[in-house]
Amino acid sequence: MHCMRDLILFPRKTRFWWRPSMTTSFLNGERAVVLFFICRILYSLPFSLLFHGLALSLLSLSSFFLEISFDSSNSPSLFRTRPGASSGILLGAVTLPSLLLSKLVQLSRGFSLAQLQLEEIQYLTLQYWATSASACSVIFLLAFARRRAPLSPFHWGVRFSLCSIFFQALVSVAALSTTSQIGLHPALKLMWAFCHGLASVKLIQLFLRTFPSCASIGETFLVTSGIVLYFGDMLLLTIKKLHELLMSSELVTAEYEISRSEISIIIQGLVLGLLLYPIALKYILQIWEWSINTTSAEARRYYEIGKSLMFVASLGIVLIMIVPSWMQFVHEFQMHPFFWVLSFVLSEPSKRLTLCIYWVCIICVSVFRFYNISKNSKIERILLRKYYHLMAVSMFLPALIFQPKFLDLAFGAALAIFLMLEIIRVWRIWPLGQPINQFMNAFTDHRDSDLLIVSHFSLLLGCALPIWMSTGYNDRPLAPFAGILSLGIGDTMASMVGHKYGVLRWSKTGKKTVEGTAAGITSVLAACSLLLPLFASTGYILTQHWFSLLLAVTVSGLLEAHTAQLDNAFIPLFFFSLLCL
């Protein structure tokens, strides 16, 4: 029986890596901040979201005990994670469900004021339970991985974790079976949640095996859960369109509607197409390498040129034919999506083209200036990287105030460009692969590796996700600014002040200082005090209380001070979640 269980969970021959104990503390700074964050969300829940809060509480308990078990273990680990980082299981498990639950609280206020349709809340509720199922499944996998490690006793934390997961699964099944989400039959809702959980388990195993030592478990947890949720949304859009065409399903009613703007469809198609593209590229290049004898130098050069041509041709087919075909299938574009983007940009040429020229000038001047400084100066790399945070503020803040829809599209285009550049760098596509790799390595830190450089992705997504999540009903004007404020201003000031004036350290082993944290919190509050009167002057009715704002800024600042995870990924989501309450 145990062999069959191990075969299902770990189908390949497994290696183990020795991971020393990170901490023996039951409640360290990061865990205390995360638990306070969860309590703040639970305190804000209306009675209609009672089951959701119960499920989040059980998920928090299970991931809390499992993280203690992982971090207090001196036994070999099943997963090869980023050196020097704690497991981060609690933070990775609760971030995305907490974000969706905070958004549900916000939409509930809008529904009580008759400012949105019930279907929007029902669809977000389905996403919440799908994300909870993903987290529950991954926690279950990690618990058995912890148990399977050699020289590993059955830690009490694993017992508590499995018990909490069991009760969370019961709560999720009961909620999905008794509530209505967008007209889906209860059996389909349970199947949908189960598929999300299975996909998350498979994807996190694939990620940790393909990119060893590139991320902690918590960071991988967040990334894989987000990708599965995004792919699930894409799949549901496609199924909905097929249902409209065939009208043959008796289990799905035609009453539900998943409304999407053209910009969100374009971004989703581009991002998911580029995430799937490396799978096809791998087999294309394998076939090309198999057909070419690369023993001689001349043949090797011929192979590299052919490899570049194959990359350009296949990428062009994906971006010009396949991805736009899906966009036009799920949404009624009146023209090719590429021409729609051109018409959108040219609809206000004086503003949008000027903004594009402004961005290009800032990027060119900043990138080349900072690159020369990185080669010839003794300035620490952590401070050099914070200049990019300030550059993000100067680029994104004016656009978010005056051209928010155009900024949405620009974020999607920038993310697509980053993905293409990373594919070129990883595969060393001639002639740009090696220069891009050399350039990117000038700005890396201990959280990056040669296999995967994530810093620029985390900064871009940290600024973009709060803006994308604020699409639709939003009664919190500061919520879209969560990433720009927390990363561009708060994190930058905390690093600079802490590096130059910091004396009191939060821990004996860490570098974060009390002075830096205080500077980060103060700078974000100062920026908010400037933005709020600006919103009031435009006629926006402010509903954000200063105490809740102070709490959100403080909790986010304390997370930056205590977390060992990738702060660019977690802090904006924490700040956004608290601002939505």
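Residue positions begin at 1 at the first shown residue.
Yeah, the Cβs are placed from backbone N, Cα and C, and that goes for glycine too.
TrEMBL: automatically predicted annotations, no manual curation.
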Listed range which TrEMBL flags as transmembrane segment, given the options 31-49, 126-144: 126-144
Annotated transmembrane segment segment (source TrEMBL; candidates 477-497, 561-581): 477-497
Long-range Cβ neighbours of the transmembrane segment (156-178) (under 8 Å; 6 or more residues past either end): 51-52, 54-55, 58-59, 61-63, 65-69, 72, 129, 132-133, 136, 139-140, 143, 146-147, 186, 189-190, 193
Two-stretch contact, the transmembrane segment (451-471) and the transmembrane segment (383-403), at least three Cβ pairs under 8 Å: yes
The transmembrane segment (265-288) versus listed stretches 190-208, 220-239, 309-330, 383-403, 477-497: most Cβ pairs under 8 Å: 309-330
Non-local residues, at least 6 beyond the ends, that sit with Cβ under 8 Å of the transmembrane segment (350-371): 384, 387-388, 391, 394-395, 398-399, 402-403, 406, 410, 439, 442-443
